[in-house]
Amino acid sequence: MGDTFIRHIALLGFEKRFVPSQHYVYMFLVKWQDLSEKVVYRRFTEIYEFHKTLKEMFPIEAGAINPENRIIPHLPAPKWFDGQRAAENRQGTLTEYCSTLMSLPTKISRCPHLLDFFKVRPDDLKLPTDNQTKKPETYLMPKDGKSTATDITGPIILQTYRAIANYEKTSGSEMALSTGDVVEVVEKSESGWWFCQMKAKRGWIPASFLEPLDSPDETEDPEPNYAGEPYVAIKAYTAVEGDEVSLLEGEAVEVIHKLLDGWWVIRKDDVTGYFPSMYLQKSGQDVSQAQRQIKRGAPPRRSSIRNAHSIHQRSRKRLSQDAYRRNSVRFLQQRRRQARPGPQSPGSPLEEERQTQRSKPQPAVPPRPSADLILNRCSESTKRKLASAV
């Protein structure tokens, strides 16, 4: 078994807690060497104490001997009173700090002090109980990772979803569900695996097992884009259902509809169908890195879930495979017509000249003059020839 180390640390946001007194904790998603992902909570005072100890352990890299040799990032000291504004404004600094830590030499980025600090503690597993008078308020980071004072104006109410069927977890990072369980969604990944919490549990759940409480439809699903986005398959997949597409690793496709359940509609030549999004990578990006980040299989599709039970009277609104195919074919035909030169479009300068000549009006043919007019206006020689002919 290899050495333990951290691959990546992402700041998810922060929580405003009221027990035992009001304070703020930051939420970090820590990805370990075995591709497991854990959420940990740390106060900024804890982070700053960790930072001070790290500088003492590596004085040269901290610039204590020569400031020019410093590679350990700076971290401002906490203030006497840190309010919500300070907690918000500090998120950008912490994001850069964690990113820099992971890029340091392994003797620092994999040292026991750093690994121990980001390991899951018993307190990280304690969630607020139902009998608490005031539950924590969750503030999530924007998608682009940049936080300003205007990005977060109030507590973000986590979206609530309901399980439509039982789900048995297949790894330690997942969470088991029973039909009717209500969960809060912390993160919606494009892979179709959502990070959720429920009472004293947290973990990844296939989005296909969840439905919104107020409607069967997912309001955040984008509209189809029949122009398509170029993607490359980073892992081979063989279709299981009739409306899916089989691809080999390295095949290029166009994505025409990105659905949140992790099954995107793709176009390969004139064929359309579903394909797991976690096996796709945008064209032109590093494929090897994306392949290393595949940590679990594709999530199951809702059509494959047995004994699914929805609380809604009507079913979800989904385009059929025929509708995708018709709309895609219609778009491709229109694009080909626009790209093909029209009958009035000249193909070369010579053709343009011929077209111009053909478009000019032809001169009118004058009427034949009468015999009297010819005799009156012709020369004497012509008159003698006409007279001899008669």
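Heads up, the Cβ atoms here are built off N, Cα and C, so glycines get one too.
Marked as compositional bias 'Basic residues' by Swiss-Prot: 309-318. Residues annotated as domain 'PX' in Swiss-Prot, with sequence analysis given as evidence: 4-125. Taken from Swiss-Prot, the feature domain 'SH3 1' applies to 156-215, supported by sequence analysis. The feature domain 'SH3 2' is assigned by Swiss-Prot to 226-285, with sequence analysis given as support. The feature phosphoserine is assigned by Swiss-Prot to SER303, SER304, SER320, SER328, SER345, SER348. Per Swiss-Prot, region 'Disordered' is recorded for 285-390.
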Residue pair SER304 (phosphoserine), SER328 (phosphoserine) - Cα distance, angstrom, rounded: 26
Other CB atoms within 10 A, centred on SER303 (phosphoserine): 12
Rounded to the nearest Å - Cα separation of SER328 (phosphoserine) and SER320 (phosphoserine): 12
Modified residues compared (SER304, SER320, SER328) - highest count of Cβ atoms within 10 Å: SER328
Secondary structure tally of the domain 'SH3 1' (156-215) (DSSP, helix then strand then coil): 3 helix, 30 strand, 27 coil
Residues of the domain 'PX' (4-125) by DSSP state, where helix covers H, G and I: 51 helix, 28 strand, 43 coil
Rounded Cα separation (Å) that holds between SER303 (phosphoserine) and SER320 (phosphoserine): 13
